[in-house]
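Here's the structure, in structure tokens; my notes come after.
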């Protein structure tokens, strides 16, 4: 009898644990999704509206052109070609996306984060110096590695990371991301190029620099390589 009660108790605990594991909010697929009381005023969902499955065609799952080098003649010397739900509709709800990153010699994919996705990067050509910085609670540790053709590196979700071409020739890498819309926040662009600008007093205090430095940085053109 005791064994029977133990079995029932165990099954009840497992069932409750299963309920807890499945009872969670879905991960955000955009920067924000403000709730509305009246659905007639709604224009977005957390992600994209779904096409009638009977109207789906092969081209909904198709994207071409990633074999072509991109123009890297810009201030940072890199160009990111993203393949996500915005240009490949079939990715909706699938939780993955892709990007091609082209680098000129000394080209940089500046420090940035993907708020909704982990990134795994493979080098196809060239030599890249890559790295990421951990969160405050972990002491902002820097992890870096020099990658060569065929090497792979992972950047955990949400952490600031970068890639720099340290070779003397062009470099190419492909990145897979664990979200249909991982998002990208380039640190310098967001902090010094926000619209409207962040109050200089905030940045002067945060970076412990003279307000003239902040004023100079906010007047720069912050190039978006995405």
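Each residue's number is its place along the chain shown, starting with 1.
Note: Cβ is positioned from N, Cα and C throughout, glycine not excepted.
Marked as oxalate binding site by TrEMBL: 109, 114, 119.
For 112, 114, 119, 161, the entry in TrEMBL reads Mn(2+) binding site. Taking the Cβ of residue 161 (Mn(2+) binding site) as reference, residues of its chain lying under 8 Å away and at least six apart in sequence are, in sequence order, 111, 112, 113, 119, 130, 131, 132, 133, 155.
Residues annotated as disulfide bond in TrEMBL: 33-50. Counting only same-chain residues at least 6 apart in sequence, those with a Cβ under 8 Å from the Cβ of residue 50 (disulfide bond) are 92, 93.
For 64-215, the entry in TrEMBL reads domain 'Cupin type-1'.
Summarising the annotation, TrEMBL assigns signal peptide to 1-23.
Within 10 Å of the C-beta atom of residue 114 (oxalate binding site) sit 24 other C-beta atoms, taking all shown protein chains into account.
Within 8 Å of the centroid of the Cβ atoms of 112, 114, 119, 161, where the record puts Mn(2+), the same chain has further Cβ atoms from 113, 117, 132, 155, 159, 160, 182, 184. Counting only same-chain residues six or more apart in sequence, the Cβ atoms lying under 8 angstroms from the Cβ of residue 109 (oxalate binding site) belong to 76, 78, 80, 101, 103, 162, 163, 164, 225.
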